[in-house]
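**Q** Pasting in a structure now, in structure tokens, and then I'll have a few things to ask.
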Amino acid sequence: MSMMAVAEQTETETVAEKKSPGKALWLLAPGVIWMSLFLVLPMLMMVYVSFWTQTTFTIEPTLTLKSWVTFFTSDTYLGALWTTVRIWLIVLVATVLVGYPAALFVGLFVKNKALQTVLLVLCVIPFWTSFLIRVLAWRPMLGKEGAINMILMNLGITDAPIEVLLFSELSVIIGMTQIYCVFMVGPIAFMLGRIDTSIIEAAQDLGAGFWRIFRTIILPLSMPGVVVGAIFVSVMVLGEFATSAALSGRKVNLLGNIIVTQVGSLKWAFAAVAGVVLTILMGAVVAALLRVVDLRKEL
Amino acid sequence: MSTVLQLKNITKTYGDMRALNGIDLALPGDAYISLLGPSGSGKTTLLRVIAGFEHPDGGAILFDGKRIDTVPPHKRGIGFVFQNFALFPHLSVAQNIAFGLENRDVDPVADRRLVDTRVRDIISLVGLSGLEGRAVTQISGGQRQRVALARTLVTEPRMVLLDEPLGALDANLRARMRAELRAIRERCGVTFLHVTGSEAEALAMGDTVLVLESGRIAQSADSDTVYNRPASPAVARFLNCYNLFPGRIEGGVFVGGSGQFALGSATPSRAASPAYAIRYDRVSVRPREAAIAEDEIRIEANFVASEYSGAAVNSFFALDDGRVFEVESHLSHAAPETYAEQGRYALVWKREDALVYA
């Protein structure tokens, strides 16, 4: 008797469960329509165009692998792909090295929630200045006769200006690290802020010193923040073209820069090939990062 | 029994608030000590000072005869069990328990097999066998409590501090864990200092009960003494089983707002302000016209309500000055009586049963 009642109850529950998602699906409609029209379709279009035939001035919808073959046999394009991967890795490591300690301070050592918020907002301030002004500001700082070289020479640390500071790979890395660091600090500080202080006190009470606690408790508990930050930074750095153009004097060519140039010279098929390669690369990077930590467990 | 922990005149101030106001204390080894105090009495602060998470403003802490005021928490050798258990959420039950052995600065255990053996021993001691591999988020509250305790005990501290360890458990489990905690402590032979806001818990668990009142130790005695002879009106109030009257003593009579009570033969205990206390279960309720014996004291009050709790019934009366007077009748002696709403009754007790503070 009671078992039947239970069975009946479960049945009604499943019916209720089946009903509601059907109705709720309508909520997704605007997003799905918008994204199919302006994201999925254009991307499929891009894949399609990458197989079109490119001549010097025109492009015809005759399918061919020529653009793909050209991309993977040309030193320029493969070089750009390698530069993109290299700069991405260096910037990723640099943002973690600069961002993690800052996040550790904000998330763990600042106890006051209001002050925490103020400090995180401070991290975002570089974002309030426009890109153009930031680039303009870097040049007098990093240039041959810029502030850093002047100071180093006046202090007698160097005799000649360090030329590598501007219009080089290094300047691109400095610039990108500065811009994207905040995307690393935010998620990590958030995860660190969620760690209960009594957990750290418990580890202390059990006899562990600070570095032990950091390695065994704080770092593992903040890993989801690092992964989310790394996804933000990776997606943005991999698609970058403006910072590299402005700070490298066109010496550093990322895949993004190749796309911009190809589109500029109406080489749509090549641009599409580079675009598809870049999209696949981003997808692979995000998928790999998501494997590091099970984010579902954290949210 | 030798003294394990000694506190000498410990003070701690937060802004204008004196959390600890000169604590003097000596705790014996191999004993269960409960520390009773209402919220805000400084009991958690005292525990955190002993563990080393807070620094006292003044005074000395001696552990095993050595001063430990300046020793950081991870080198004190005092275990701490947190109220919310503070388990490491990313580690399994066994990993949580092994944490201290593997990661402590002083004398870490590097031998994997030795760690495993000791973790297994402690797991069977606290009754967690079979759950070694579980995530700590997948076990029940009582099991988490045991993990927290095992994690501390495995490091073999000379003393364990427990901050309201049963507060996060439901009532049923709390009663079972009381006996369990005492049994575990006896098997390990270390001193437990158990902080609680519940008078029943403090009296039931402590070999010695300490009562903390506004940053001072108001009484330190065995349960029976604390219950029957509270050292001050404040202690009597925390115990939640005494009717208290403020007033003054004039020539063998206590004069309070609710009436004049003749004193018994016992000399009044010393206290900051005079008070008269009579235990809830020492009072009997009689019809107004009933006569009283010579050694009895009688006041009149109106019945307000009663609360049935199974073994006893607590009746509330309003005195003429608005004060509430509580009477506890044990139902093993008699069937519960029903009193008329707002009816006037005589409340009678023996002169010798009252405690008088002067």
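Every residue, even glycine, has its Cβ placed from backbone N, Cα and C.
The domain 'ABC transmembrane type-1' annotation in TrEMBL covers A:81-291. Feature annotation from TrEMBL assigns transmembrane segment to A:25-51, A:87-110, A:117-137, A:170-192, A:213-238, A:268-293.
Structural setting of the listed features?
**A** Remote same-chain residues near the transmembrane segment (A:87-110) are listed as 116, 119-120, 123, 169, 172-173, 176-177, 180-186, 188-193, 195, 200, 218, 222, 225-226, 229-230, 233-234, 237-238, 244, 252, 254, 285 (criterion: CB distance under 8 Å, separation of at least six residues from the stretch ends).
Distant neighbours of the transmembrane segment (A:117-137): 102, 105-106, 110, 175, 178-179, 181-182, 185-186, 189, 242-243, 246-247; these residues of the same chain sit at least 6 beyond its ends, with a Cβ under 8 Å from one of its Cβ atoms.
Same-chain residues lying 6 or more positions outside the transmembrane segment (A:170-192) and placing a CB less than 8 Å from one of its CB atoms are 87, 90-91, 94-96, 98-100, 102-104, 106-108, 116, 120, 123-124, 126-127, 134-135, 138, 142, 164, 218, 221-226, 228-230, 232-233, 236-237, 240, 243-244, 246-248, 252, 298.
Residues 84, 87-88, 91-92, 95-96, 99-100, 103-104, 107-108, 176, 180, 183-192, 195, 199-200, 203-204, 255-256, 278, 281-282, 285-286, 289-290, 292-293, 295, 298 of the same chain sit 6 or more residues outside the transmembrane segment (A:213-238) yet have a Cβ under 8 Å from a Cβ within it.
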